[in-house]
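Taken from TrEMBL, the feature domain 'NADH-Ubiquinone oxidoreductase (complex I) chain 5 N-terminal' applies to B:60-107. Taken from TrEMBL, the feature domain 'NADH:quinone oxidoreductase/Mrp antiporter transmembrane' covers B:123-400. Feature annotation from TrEMBL assigns transmembrane segment to B:130-149, B:161-181, B:202-227, B:294-313, B:319-343, B:355-379, B:414-435, B:456-475, B:571-592, B:633-651, B:657-678, B:690-711 (among others). Per TrEMBL, domain 'MrpA C-terminal/MbhD' is recorded for B:615-680. The feature domain 'MrpA C-terminal/MbhE' is assigned by TrEMBL to B:694-769.
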Amino acid sequence: MEIIISILAGTLFATGIYNLLQKQLLRIIIGTVLLSHGAHLFILTMGKLKTGAPPILIEGVNEYTDPLPQALILTSIVISFGITSLLLVLAYRTVNENNTDNMEQLRGNEHE
Amino acid sequence: MIYIVLIPLLLACFIPFISKFKDKIHTGIFVFIIPFTIFLYFIRFIGNEFSPIHQTYKWIPSLDINFNFYLDGLSLLFVLLISGIGALVVLYSIYYLDNSERLGHFYVYLIMFMAAMLGVVLSDNIFVLYTFWELTSISSFLLIGYWHFNERSRYGAMKSMLITIFGGLSMFGGFILLSVITGTTSIQAMIAQADIILDSKYLPLILGFILLGAFTKSAQFPFHIWLPDAMEAPTPVSAYLHSATMVKAGLFLVARFSPIFSGYEWFFIIVSIAGIVTLCWGSYMAVRQTDLKAILAFSTISQLGMIMAMLGFGTKIAVFAAVFHILNHATFKGSLFMVAGIVDHETGTRDIRKLGGLLTFMPMTATLALFGTFSMAGVPLPFLNGFYSKELFFDSAIHLTEGISGTASFLIQVIPYLAVLGSIFTFVYSLYFFFGVFRGKTQLNQLPKKPHEAPFGMLISPIVLVLGVILIGLFPNLVNGTFIAHAAESVYGSEVVKELKFWHGIDSTAFQMSLVVVGIGTILVSTRKKWNGVYKLLPGKLSFNKAYDWLISMLDVYSNRITRSYMTGSIRFYFAAILATTLVVTFTFMFVTNGFTIQFNELAEVTIVEIAVVLLMIAAAIGTIFTKHNVAAILTVGVVGYGVAILFVIYRAPDLALTQLVIETVSVALFLLCFYHLPKLEKNDETLSTKTINIFISVGFGTLLTLIAIASHSTNSFNKISDYFIETSHSLGGGDNVVNVILVDMRGLDTLFEIAVLGIAALAIYSMINLRNNKEEK
């Protein structure tokens, strides 16, 4: 199963990066979202899947799933949420100011 | 001794404050104290008894880079030149530079240069030496460009820096090789291991690199072209840096390393040829110049060439003569530069075609120039120091046979003739300088100012230097035993005893050579206008300056073109380039280190539910690329997010699943809020090639990541640290939910920062929305 999840994470990365390389801001934001999902799954597989009970201590249970990746992912989820919302508002402002969300039109001119 | 180098640098920091009062009192008066004190400090080492002094101050011991200061005869000679001429130059500049100039800048640069130059000649550690070496290049750059509003100044400053730093860097390469081979960074320790260096297969490289540094600094042919352009600097600077001290750093370097290389035939061949060619070319070109300072610049080039050649000869007489001439050249050339400055200052021009007959207007200056030029010409008179070193030069040129054989033997035949040739032109330009300025017809209408004698203060420094010329000329043994012999000894390796006397008899070959020089020289001076046409043949259109300018402009054009080719301004392009590079580098690294592993045991079992979720997510992820509607795109992203949440549930991560669900819901809501304002998604209208590249990069990255994920899952190089968290969660953190304990206890600071990041993001979002409101209200 780990291999399948690895492939899933890779697919998420591939689609995320493809979206990042697009012209439109909305696509780029979607790309970052996919990228962070891929990263979370990537971290999760590193700690091996389903090796024991959820990491909540209960009397009589000895095998638990690795808690460290989960802690890392939890931090990451929150941070990527912050980034996504910031990017969305940034895109919204950019469109408001420049009347375009096309990266090619937003690029700087020659003599900057 | 470290204080001698560092204190001037510290004091230089205060000069800008002192220069605030420059209207009341000239800044130079304060600055004068610095070199003068250093001169007094070092003059006490002069004497018949002298032994080298070694002092060490730790700087970067782990890299073997320390302030190893070493004062031997050679350093002492240079230190005295640097501080002595430095004091005179500062004194002279008080009258030369007006209060209205930016005196603070000038003296800061000058003192910075002086300290750096002292550092160069005192350092025994090659890397410290290199550091100071480059510092002299930088201060020279600043001083040449002092009148930065002049285009020529900027050009000259740039040129000198490019050429000397180019040489400096190659010298640095040589130093690194040396320190790798010998395992030490001390020059004295390297001299002790000269055999190892001479046996090394890198010897030609080392020699080439180091000589490149020395030749560029000392303006040897064909790197001499920067020196004439450096004459745009104020005259005190030309007198100090570009004739007496900095340009001699290259000679110093060759002299310092000659105990190591003197046993190597190519050292003799390269250094002698470079020196002799520079001597001839410099003196030949000097006669052609019309600017007083340009004449002096080419004459400096030729004199440096002469000293360099003598260092290359490496015989006992030659080394002694070289060291002796370093001192002599500083005295007469320093005074001549100051004379040129006085003429410029009092008449308003340096063009020798407009000058003439100034003897009646400025008798003092003319007298000083007479001594300076005649000494430079090597006129056989017993009170001119230039004659002694010139005769020693001839003497060494005809006695080259000491232990030289093979390919070098041809050189021995030619060198005496070239030496005479160079000296003839030296004679010609010296007299051309004197007679062109002070004799001949006066053309008062050509001069911007009415000429008159310089103020006495301006004359003090050249007078002191000319007194030096005469004193050394009359009593050569005054400086001989007391410090010239010590300096020659530290270059040559063993004791150098040389009795200096004026008269060697009419049948001495060197004296006859001098007579030939004076004879032919006099004829050439009086018929100068007739043979002037020879410059149309040589150099004619041949010009090293043109080659330099062409090189620089080509460098400009091509670097501009290359930079433009990748700095396109398109962020997407930059991003793709970064990704592609990462891809290639990581793939190569993983392949080379055999990093890809795969292991099939200990895998979790595969269930239908999971497969279904995974397939759904893959479909949704790929779907985001093809959707052409905003809402559809956002919803497909939502599918992926909820899919991740479901996987978290399956993989026993309840906290993650909860958080993911909440966040995903909020995100989708946020997306939907924003999408109303964002333009509609358009059809992908990129060219096929861009699409292919994008697909290639993204698929490549996905594959790479999959492989890395599998590899990292398949290796067990380290013990997991998670067991520690599970064990101590209750006892240390007081909680049963291990993930929570890690977040708020074990890695509490991390979480705090995470909250801070969120806070910043919230503030940014708030202000971005608010800004719009304000604008619209207006």
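Quick reminder: no glycine exception, Cβ is built from N, Cα and C everywhere.
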What same-chain residues lie close to the transmembrane segment (B:355-379): Cβ under 8 Å, and 6 or more beyond its ends?
292, 299, 303, 328, 331-333, 335-336, 339, 342-343, 346-347, 349, 385-387, 390-391, 423, 426-427, 430-431, 433-434, 436-443, 447, 451-454, 459, 462-463, 465-466, 469-470, 473, 514, 517-518, 521
Would you say the transmembrane segment (B:414-435) and the transmembrane segment (B:294-313) are touching, if the rule is that at least three C-beta pairs must lie under 8 angstroms and be 6 or more residues apart?
yes
So how many of the residues in the domain 'NADH-Ubiquinone oxidoreductase (complex I) chain 5 N-terminal' (B:60-107) end up helix, strand or coil by DSSP?
32 helix, 8 strand, 8 coil
Are there residues at least six beyond either end of the transmembrane segment (B:414-435) with Cβ under 8 Å to its Cβ atoms? List them, or say none.
272, 276, 279-280, 283-284, 286-287, 292, 295-296, 298-299, 302-303, 305-306, 309, 336, 352, 369-370, 373-374, 376-379, 390, 393-394, 397-398, 400, 513, 516-518, 520-522, 524-525, 528
Cβ under 8 Å to the transmembrane segment (B:319-343), counting only same-chain residues 6 or more beyond its ends: which ones?
74, 77-78, 81, 85, 88-89, 92, 96, 235-236, 238-240, 243-245, 248, 251, 255, 258, 292-293, 296, 299-300, 303, 306-307, 310-311, 313, 350, 355, 358, 362, 365, 368-369, 371-373, 375-376, 385-386, 388-389, 392-393, 395-396, 433, 437, 454, 458-459, 461-462, 465-466, 468-469, 472, 479-480, 484-485, 487-488, 491-492, 496, 498
What are the DSSP helix, strand and coil residue counts for the domain 'MrpA C-terminal/MbhD' (B:615-680)?
55 helix, 0 strand, 11 coil
Mean of the pLDDT scores, which run from 0 to 100, over the domain 'NADH-Ubiquinone oxidoreductase (complex I) chain 5 N-terminal' (B:60-107):
89
